């Protein structure tokens, strides 16, 4: 996919911001090196980034004697961008402060483009993506498929949750069952749930235990209700975190990590809930439809568009029932939308 072309003014602004950050980092680095060399900090230990506040990060200590405590940490300038979910090596200082000296390797990273079109990590070490749909508003293949392709592209297993199960009735029951059957036949896990009746919630909690998860889905499907049910003290925890960590800085809109009372962790932010197809190419899109994979590369023509070309392996698989028509149509619509986005960005 083509990259967004930046104007001279945008390039100048980016460079100016980077220069200012470098100057601040250099000043902070000098102070940190003084603390490190002066023996003012504790021995190195492992920690978990649970939030990001301006130039400081909230790090949860994972080793005694501070295990479970939250520290406000600065970062050494030679460390790449850190995000919520990163495991780090840090050293404790006075007054709940500290210094991050290294980042552990990431198992996974969720990225999205910034306002300049450059991909930036927003969360790390995610184990599963929970795609929330609902009986109302009616779910659509195209939207679910976009989330599934995005999950496949970053290599993070998805789990589909049909929320608002209490709204299933005679008018929509058969269609929803068919919808469910199609994705289960593709090998995707599925949970029926309702925050109103509490059905399916024990099953959901079991899937969340011992994992780090995120919720995605369109507005109105009940993501907030599910999160509030899983985190009944969320507002209190955010307030406590602000008191202990923010120290007058602005309220963050970046991702926060919460420990679920039932086990497991949840990383949440508005940006994460809008997770989607950001800057993927057509090859990645094709590979994101798992049932396409056995047929890719077997078309008669290398530049086959999978529409009406003779010898198209995907069209043949659709005719034989190996690929559902709804999924093929969804693929073509998504590809068209990506092409439109390419054209839009090239004209910026």
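In case you wondered, yes, glycine gets a Cβ from its N, Cα and C as well.
In Swiss-Prot this protein carries:
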REGION    1-39  region 'Disordered'
COMPBIAS  1-14  compositional bias 'Basic residues'
COMPBIAS  16-31  compositional bias 'Basic and acidic residues'
DOMAIN    116-275  domain 'CP-type G'
BINDING   163, 164, 165, 166, 217, 218, 219, 220, 221, 222, 223, 224, 225  GTP binding site
BINDING   299, 304, 306, 312  Zn(2+) binding site
Binding-site residues listed as 165, 225, least Cβ neighbours within 10 Å: 225
Spatially closest candidate among 221, 223, 225, the listed binding-site residues, to residue 306 (Zn(2+) binding site) (Cα to Cα): 221
Model confidence over the domain 'CP-type G' (116-275), averaged pLDDT: 84
163, 219 as binding-site residues, winner by CB count within 10 A: 163
Neighbour count (Cβ, 10 Å) for residue 312 (Zn(2+) binding site): 20
For the binding-site residues 221, 299, 304, the one whose C-beta sees the most other C-beta atoms within 10 angstroms: 221
Count of other CB atoms lying within 10 Å of the CB belonging to residue 223 (GTP binding site): 20
Coarse DSSP state, helix versus strand versus coil, of residue 223 (GTP binding site): helix
Most Cβ neighbours inside 10 Å, all chains, among the binding-site residues 217, 306: 217
Residue 312 (Zn(2+) binding site) versus residue 163 (GTP binding site) - Cα distance in angstrom: 38
Coarse DSSP state, helix versus strand versus coil, of residue 165 (GTP binding site): helix
Nearest-integer angstrom distance between the alpha carbons (Cα) of residue 304 (Zn(2+) binding site) and residue 217 (GTP binding site): 32
